[in-house]
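Listed in TrEMBL for this protein:
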REGION    B:1-23  region 'Disordered'
TRANSMEM  B:30-57  transmembrane segment
DOMAIN    B:99-348  domain 'ABC transmembrane type-1'
TRANSMEM  B:103-125  transmembrane segment
TRANSMEM  B:137-159  transmembrane segment
TRANSMEM  B:221-243  transmembrane segment
TRANSMEM  B:275-295  transmembrane segment
TRANSMEM  B:327-347  transmembrane segment
Amino acid sequence: MAVLTDRPAAAPARRDERAARTLATRFLGYATLVFFGLVFLYPFVIQIGNSLKTEPDAAANPLSPFPDPLTLAGFERIFAGTNFPLWLGNSLLVTVLVTVGRVFFDSLAGYALARLRFRGRSGLFAAVIAVMAVPGVVLLIPKFLVLNQLGIYNSYAGLVVPLLADAAGVFIMKQFFESIPVSVEEAARIDGASIFRTFWSVVLPMAKPALITLTILSFQGSWNEFPHSLVSVQDPDLFTLPRGLADLVSGSLGSGTQYPLKLGAALLATIPVAIIFVVFQRYFVRDANDGSDKG
Amino acid sequence: MATDTQAAVATAPGPGPRRRRGGIRSNENLAGWLFVTPVIAILGLFLLLPILMALWVSLTDWNGQGSPFTGDVPFVGAHNYTQLFTEDGLARRDFMTSIRNNIYYVTIVVPTQTVLALGLALIVNNRMLKGKSFFRSAFYFPSVTSSVAISVVFLFLFANSGAVNALLGVVGIDGPEWFADSRGVLHLLLGVVGVDSPPAALADGGPFGLTWWDWLAGPSVAMISIITLVVWTTSGTFMLMFLAGLQNVPVTLDEASTLDGASRWQRFRHVTLPLLRPTTFLVLTLGMIGSWQVFDQVYVMSQGDPAKTTLTPAYLSYRTAFRDFDYGSGAAISFVLFLIIIVLTVIQRRALAERDTDRPRRGWWRRRVPERS
């Protein structure tokens, strides 16, 4: 640290003492880091290890990450004995549709709120902000009522359409579009491009960082979405992964606890998000910081 | 709020005649509305309209058959609400039990996750340590995974022959059957000092149909495992918020106080902590708002059992409507919960608005947490 070097040289004895203390704190720091690292990651290690065990082995040595013997029986039963492939397909379909829809609709609205001057804009933006505060769980029954009334309860439409837009995404896009210099669009508009054309081929390509953030958040959000699928469909053919998993756990398997199978299915449901997280970490971090300001 | 002031600045008519060029701007009114229509339609249909419809249903006795908006559905007025608060019966007992459970849940989860998140942020923010970005990701990873998948893992960890009991066995403790144990931890503590049954004063009366003894049970052993799971998954998110707050603490301030001879604890107590106050407040209120909404974990892990000690208002409203087909009561519970959360949200917004007038915020996309600090 610059400040330390500016000071008159300390007596060697004091310097030794300080060095020893620094070393001690550093050791303590690493020890704490490793301890919490284990606390936060070991459950996943246990999950992987136990999904490859036999049932008696998982019951006898739950803490050990090493299967003895190693078996893929749990995973074989996931694919042969459960509706896992169906849930996977449904989850993929819903996630892709929701993500594409959200990115498109949220950027359209975000652009309009940031750039286009139309009557009622500021009131509309205030409404979008207000909507962000509506807590999801109190909407469980209300959503069911609307889906029922619209006649799309128990259908893919019911699973997908209500998630196609989200207020937080609109907010993210609006904030980003405001950061782009107006002169860019004005040039395009003076050249005779329509508003949509300007938005689509000039502004949207410049918003790539925000689009990536929104894509990742939408993917993660809709892949993990559980309560909505709980109240929008009832037919087991329409279950998504989290719904199927919850069903599996609550005892649709019949006899035994079957932990290796359940842990394996949960693992398979986690892997896509885990990959996205590892590859795009900084976008997740960015979102969380954003949350502190979003209010 | 900053966003409001920003919006105000953006919508205010710009200075000078530049803004009034009719030719290019004339069709913006139409385009603007076209651009926002899909979002308005979806948010209106699936956020606003549902709230109004549910408000109506909460005043009826609808059982899920047919449409709740025909004349056949019995209108009961405020009965569904009075049932929850004033009438002696199962509905009130269950509702108050769920409120009790959630109060204990909030009072443990919120302080624990806040302290843990702050602690993790301080370690990860330490300039002397290397490899922090790895640990930062490790702590945050549970927050991005599926709540259902994580609940499955914790069901295994807290199983009778699970990892937690195996770990407790190492230090000679005979772990409980976590998800079958409905005993409240405060009752258990009293049991240690020999108080196993309630004194007469606590056994008889009590507010809202629960005895004082019941109110003072503490979270059940089963609830403790859900609390552990939630603290474990949410600390990472709040750690990142604290980290962003710590980045705003000027290094020079820290160094100046070091030169003045302040100890590590004094610096934390008198320099860092006061500067983190807005972040702390945000974490506390967001934590409370989230804690009143706990649902997924309860659904997957316990369904409110054992003996209703993990029942929460969010889960109770779902169960009342979709399992007992009493949609009126379920919607009424939702609205009471809605009210609780709205109050918390308003408190949070107020405080944030005060903070933001002090410190104009920068664009959201600006990096607040450098990759390597």
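If you go along the chain as it appears here, the first residue is 1 and each next one adds 1.
Cβ coordinates come from backbone N, Cα and C, glycine included.
Packing against the transmembrane segment (B:221-243) from elsewhere in the chain are residues 101, 104-105, 108-109, 112-114, 116-118, 120-122, 124-125, 136, 139-143, 145, 147, 150-151, 154, 158, 164, 176, 178-183, 185, 188, 276, 279-280, 282-283, 286-287, 290-291, 294, 297-298, 301-302, 305-306, 309-310, 369: each is 6 or more residues past its ends and has a CB under 8 Å from a CB in it. With a cut-off of 8 Å on Cβ pairs spaced 6 or more residues apart, the transmembrane segment (B:327-347) and the transmembrane segment (B:137-159) reach fewer than 3 such pairs and are scored as not touching. Tertiary proximity for the transmembrane segment (B:275-295) is limited to same-chain residues at least six positions away from its ends with a CB under 8 Å from its CB atoms, namely 102, 105-106, 109-110, 113-114, 117-118, 226, 230, 234, 238, 241-242, 244-246, 248-249, 253, 312-315, 318, 337, 340-341, 344-345, 347-348, 351-352, 355.
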